[in-house]
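Take this structure, written in structure tokens, and hold onto it; I'll ask about it next.
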């Protein structure tokens, strides 16, 4: 043994492998107000003790590696390490458990979702000692929240810009999502906005393809928007998708939209990436553009119950990164979404302060301090018969978005938009009169259809359409 090795060994270094729990499992630790807290659903390999598995997660997502290293002695280890401080059993689960981990705030770069996720959901998710790992929730402390701009504008500013109050907003995704020319696409936008919708939308995979380049689409959609505005005397918007192959190209598209004078642009925040999304959110605030966020790719990450990242975490990350709208599921439509869980992360998007509530999947009390709220967007397989339930579930601060439920009506696009607007106005009026939308919803729609032939036609088409499948992701 060399003299240097003997000296280092004498002050505590010992090469080899030791159990993570000896360093990273600290059940007596009281989390600090400034710590970032994480709740992980951990499925260890057979025979693996929960304390060791939870400590391994804390180690591999903070300062640890598989063996002690010399340079551990050159840092203030207790200050920077993550700590597995509590373990909960999962009700009804044979093997998984919830491990709570506290991370010191100094581990994270200010204002960077990318850096936060590189640590907390980095290599640890491929760790062989774990069969599966899922990040269920994060507590973002105010000290870290205040380093982010957050949404470009927020709910109240959007309502003021649009001059629309007291009801949910209505939208429509233009279909077919791929294949239309820019001029025909703009025609569909005009017909939907003229029929009474507040917004139309590019689908998530509409970027700049050979059949419709982005600049042509932006121009025809802006023309349609302004024509519909002049005829309805209502402020309208179209979510022009600025998502691109590079950040520079994305910003160029947003600049062009701003020069056209349109009120809103769109971004696919998961496929585009958090760094690009935050850059676009900053541009939108500086230039008065609203920012609609699509969550394309989310189900790859969040749908499996035991592995991945729950959408409530992705929703919190979006509120930090920036967006004025985000798709949130519908509860009643064609896409995955259990009611209590969905309402839990809808509150996390909109409210200033959300209390811990395990019945809705909220593991931590979350204060948002001054960060603006985000409007949830209900979209996917919904139609006029769903309007009472959607109005009751999501309330006024929401966007209810009907693609096929507008463009698939028998009389055409504009009558489809009329049907949705009439159904919404009827539900809002009934709610304001004290009627129970959950119990009387179908009757409310039938009564409104008596004086709206457009709604009557839509009701006839969709009367037997339901998506009755159990949610995969449950509490």
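Each residue's number is its place along the chain shown, starting with 1.
Just so you know, glycine gets a Cβ as well, placed from its N, Cα and C.
Below are the features I grabbed from Swiss-Prot:
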- 175: active site, proton acceptor (ACT_SITE)
- 294: active site, proton acceptor (ACT_SITE)
- 123, 173, 177, 295, 327, 379: substrate binding site (BINDING)
- 201, 203, 204: Mg(2+) binding site (BINDING)
- 3: N-acetylproline (MOD_RES)
- 14: N6,N6,N6-trimethyllysine (MOD_RES)
- 201: N6-carboxylysine (MOD_RES)
- 334: site 'Transition state stabilizer' (SITE)
For the Mg(2+) site given as 201, 203, 204, which other residues of the same chain have their Cβ within 8 Å of the site's Cβ centre?
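So the extra residues in range turn out to be 173, 174, 177, 202, 205, 206, 239, 241, 266, 294.
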Is any of the recorded positions 175, 327, 379 within 10 Å of residue 203 (Mg(2+) binding site) (Cα-Cα), and if so, which, in sequence order?
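The recorded positions close to residue 203 (Mg(2+) binding site) (Cα within 10 Å), listed in sequence order, are 175.
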Taking DSSP as the reference, which of helix, strand or coil describes residue 175 (active site, proton acceptor)?
coil
With residue 294 (active site, proton acceptor) as the reference Cα, tell me which of the recorded positions 175, 201, 204, 379 is the closest one.
204
Within 10 Å of the Cβ of residue 294 (active site, proton acceptor), how many other Cβ atoms are there?
28
Between residue 175 (active site, proton acceptor) and residue 123 (substrate binding site), find the distance joining the two CA atoms and give it rounded to the nearest Å.
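Cα-Cα, rounded: 39 Å.
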Please list residues from the chain of residue 201 (Mg(2+) binding site) whose Cβ is under 8 angstroms from its Cβ, counting only those at least six apart in sequence.
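Same-chain residues close to residue 201 (Mg(2+) binding site) (Cβ under 8 Å, separated by 6 or more) are 171, 172, 173, 174, 238, 239, 266, 292, 401, 403.
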How far apart, in Å, are the two Cα atoms that lie farthest from each other among 123, 173, 177, 295, 327, 379, the residues recorded as binding substrate?
37
In terms of Cα spacing, which of the binding-site residues 123, 177, 295, 327, 379 are within 10 angstroms of residue 204 (Mg(2+) binding site)?
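Matched binding-site residues: 177, 295, sequence order.
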Counting only other Cβ atoms and using a 10 Å cut-off, which of the binding-site residues 123, 173, 379 scores lowest?
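Ranked by other Cβ atoms within 10 Å, the binding-site residues 123, 173, 379 bottom out at 123.
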Only counting partners 6 or more residues apart, tell me which same-chain residues put their Cβ under 8 Å from the Cβ of residue 327 (substrate binding site).
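293, 294, 295, 376, 377, 379, 380 - these are the non-local Cβ neighbours of residue 327 (substrate binding site), listed in sequence order.
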In three-state terms from DSSP, label residue 123 (substrate binding site) for me.
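In the DSSP reduction, residue 123 (substrate binding site) maps to helix.
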